[in-house]
Amino acid sequence: DESEPLLKRTGREGANMEAEKKPASRPMSRQQLVVVGCILMCELCERLTYYSVTANVVLFCTNTLKLESTTAATVSLVFSGTVFIIPVIGGYIADTLAGKYNTILGSGLIYVLGLFLLPTSAFDYTDFFGADDDGVPFDLSTSMRRVYYFMGLVFVAIGTGGIKANVGPFGAQQVEDLGPEAVQSFFNWFYWFINAGSFIAFLGVAYIQQNVSFSLGYLIPFISMIVALVIFVAVKSKYKQTPPGGSIIVDSLGVCCDAGCRKFDNARKSNGGKYPDDFVTGVIAVLRVIPVFLLIILYWAIYSQMQSTFFLQGERMDAKLGSVIMPIAVLNVFNTIIILILIPIMDKVVYPFLAKYNRSPTHLQRIGLGFVLSALSVLVAGILEIYRKKDIEENGVIEQKLSGDTFNASSISIFAQVPQFALVGASEVFASVSGLEFAYSQAPSFMQGLVMGLFLMTSGIGNYVSEAILEIVKEATGADPPDAWFPEEMNDGKTENLFFMLAALMAVNTLVFVVVAYFYKYKAPEETQYLEVEKVVDPDKPPPYEQTTGGFHENPGYSEHPESTRL
């Protein structure tokens, strides 16, 4: 093992270990192309669905559910946070009980139930049922709409959370016999399809929700998710699947207890412990990535501003493009565009070019660059907020109607927000894509669902951290203008200070990350991948140990002959 500084360029003598360890990738077979294509299309439809739900949460809550702006921002952050907490449970279920395929399918069915409730909460029933004999319209009360909507969000969170923990590793599992470069390429294109789905959601579905009707705007994701499940099930017989085993979490805790979280050799069976050596090595690998994951949390707190403070800022800017009022969520398209452009460039041009000269950036170097870009995004947002309010002081406000609500807006175009959204998008290409690959590559196969769940959990916690920061700021600065940093009406407060504070927090977080990254030791590919090769690539050969409902046990039929562990 070698440690790799975050920003150090490795030369010929200290070549990047990740690049040196990678064997050459082989081309995909036709069957693998079909399988991977179906998984990617399924992910596109699912992400179209998810972002169609999240695009206008704040607007729907203020307009239809009659909630205050700050409360609507809280709903958005809590929902997004919960969506990314649940993958830990989804990964656990897949690893130990149901397997990845069954977990994805079952979560999809729960997802559909939630998506059915959302248009139910938005539908105008008086158009169909009119009124009773006394002239009282047949319609849902605001309180009942809230019940249906929040129940729908709960089911959507459960469904998408169960899918997110497993669909990425499940797709990578289909190509990992082709080598680590194929896995890296899969994750790059996996993220590309995620953002293709979000592009359609933010540009098309968000417009329908804001300017046509929320009932139709929520019916589209319902149909999209059904299409995703049909595509996913269509090639069921062609998937490579890993059977579930024992309780990863319980056994991992057992290793930590036996080792006292320090002397892990005591837990190895070769040293008189109760657990197979390879399983103990896997637990150590998971524990070593946790400090990295903890520092990614604040990145996601910055990322979540697109759905909360950036959205509220956009509502108070000129949304007209000619005679058309653009949906506020359309700014997310620019986040997506930069990702759709940058991922192919990095995957096909920049990374291969750097690899030729042994200059391939490590996972942590890429993540660190993403942190820097995210800090710049909120810095730019703070500068824009200063100019936005200055414009209001000099030129007055324009009354802007969005889905029935009226906002006092600046005459500055909403497209002035493009740089901050584009910077977040660029940061995702490095922090999020590389984070997914880092989580996958540093975990042994039998813990990939759990580790991916933990990585996704950082996003959920990041949303909760963002909400906590907003609550602390409101408590510290008050809710009354002009001193409040996050008042109900942003025009009267000092929200630019909130943005600058987030940028400063991210800068400090990045400095700590540099130190952690400097001392992190990467696991060689063969240390984390060969168990999966045994179970998936060559299933007729016995693995080094068996997973059962009772835990992990050595398999006496396993042979350590080099020919049995090929990539």
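Every residue gets a Cβ built from N, Cα and C, even glycine.
Since this is a predicted model, take the numbers as computed values, not measurements.
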From 147-169, 423-445, the residue range that TrEMBL assigns the feature transmembrane segment = 147-169
Have the transmembrane segment (498-520) and the transmembrane segment (189-208) got at least three CB pairs under 8 Å, pairs 6 or more apart in sequence?
-> no
Contact call for the transmembrane segment (215-235) and the transmembrane segment (279-303): at least 3 Cβ pairs under 8 Å, seq gap 6+ | no
Positions on the same chain near the transmembrane segment (366-387), where near means CB under 8 A and six or more residues out = 6-7, 292, 296, 299, 302-303, 305, 309-310, 313, 412, 416-417, 419-421, 423-424, 426-435, 438, 490, 495-500, 502-503, 506-507, 509-510, 513-514, 517
Would the transmembrane segment (279-303) count as touching the transmembrane segment (446-465), if touching means at least three Cβ pairs under 8 Å and pairs must be 6 or more apart in sequence?
-> yes
